[in-house]
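Structure record follows, encoded as structure tokens.
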Amino acid sequence: MSICPDGPVKIGPYAFHSRLFVGTGKYMSDAIMQEAITASGTELVTVALRRVDLSQPKKPSLLEALPSSVKILPNTAGCHTVQDALLVADIARAAGIGDLIKLEMIGDNEWLWPDPILTLEATKRLVQKGFAVMVYTSPDPVLAKHLEDEGAAAVMPLGSPIGSGQGIVNTEVIGRIKERVTRVPIVVDAGIGAAADAAMAMELGADAVLINTAIALAQDPVAMAQAMKWAVMAGRQGFLAGRMTKQWRASASSPAQGQVRAHVPS
Amino acid sequence: MVITINGESSTIEHGMTVSGLLNSLGVTHQAVAVMVEGAIVSREQFGHVTLQPGQSVEIIRFVGGGY
């Protein structure tokens, strides 16, 4: 079997061999989540920070349900101000999780669309505080470049709204972002609904994908986690292998000479 | 004495530390963050910070979530 050689994707000081990152929300149970995470082969999982439920203080921590081999990526989900995002990052660091953070600054509650102004500002501030910031952003090549210039560790454009499963609505913009952001990885984050979407993200040149709902809400989340793993690998190899150039006209793949013809009596 | 824990009023023993509060609530210390009056308490300080009447305490931990 011949495969294109491929190194890990590097985010800040960390290197990941699996290019599939997964979320931990919306699962029916911790047991299914655990099995799905293992099946996905991921090395990076996102988590949220919330108040401890004092009616169930002894409930085991989510972290206990996660394989010790995975790196934890706390996210600022639910933050609407730069101040809140900075606080969540500081809390995650205080909890002993380290300095990797997913920045998510929502500007529209119905579409969960990122706020570009606050996202850029919060990125600057978090980088100054020494965080490795993976930035969730609207799919805009100019904004993506600004985020890279401000020191983002990864730029993560959405494919379509969070949890919508619509796939990558604007495929060409992912390629445009990849062409402009050259120093840090591009991760397609949000909107992936099917394995084909994950493969497409990788074929478009994304360095990794982040998937939650498409796995958690699949009819069989564990099987879908594995499908996503394969899709990401297939898409990545497809990208590295170099796609053929699209042609307007058909081009036969059988020889033009020596064709068999029925005998027609004259 | 009365303090506020995660937005709810609660009566605790006088002179309790952050560490003592976590123990009395049955919250494991692993991967938990605590804020007192809006300021983050470092893990090393859990046993040294004594809570005062009327203070507001937030106890936070990681939960499932992707976005």
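Heads up, the Cβ atoms here are built off N, Cα and C, so glycines get one too.
According to TrEMBL, the active site, schiff-base intermediate with DXP annotation covers A:LYS102. In the three-state DSSP classification, A:LYS102 (active site, schiff-base intermediate with DXP) falls within a strand. For A:LYS102 (active site, schiff-base intermediate with DXP), the Cβ neighbour count at a 10 Å cut-off comes to 29, with all displayed protein chains included.
Taken from TrEMBL, the feature 1-deoxy-D-xylulose 5-phosphate binding site covers A:GLY163, A:ALA190, A:GLY191, A:ASN212, A:THR213. DSSP assigns A:THR213 (1-deoxy-D-xylulose 5-phosphate binding site) to a helix. Of all Cβ atoms in the protein chains displayed, 20 besides its own lie within 10 Å of the Cβ of A:THR213 (1-deoxy-D-xylulose 5-phosphate binding site).
Under the heading domain 'Thiazole synthase ThiG', TrEMBL lists A:11-255.
Long-range C-beta contacts of A:GLY191 (1-deoxy-D-xylulose 5-phosphate binding site), restricted to its own chain and to partners at least six residues apart, with a cutoff below 8 Å, comprise A:LEU158, A:GLY159, A:SER160, A:PRO161, A:ILE162, A:SER164, A:GLY165, A:GLN166, A:GLY167, A:ILE168, A:VAL169, A:ASP197. Note on the domain 'Thiazole synthase ThiG' (A:11-255): its mean pLDDT in the predicted model is 93. The C-beta environment of A:GLY163 (1-deoxy-D-xylulose 5-phosphate binding site), restricted to residues of the same chain at least 6 apart in sequence and closer than 8 Å, consists of A:LYS26, A:LEU112, A:ALA190, A:ASN212, A:THR213. Fewest other C-beta atoms within 10 angstroms, among the binding-site residues A:ALA190, A:ASN212, are seen around A:ASN212. Among the binding-site residues A:GLY163, A:ALA190, A:GLY191, A:THR213, the ones with a Cβ under 8 Å from a Cβ of chain B are A:GLY163, A:ALA190, A:THR213.
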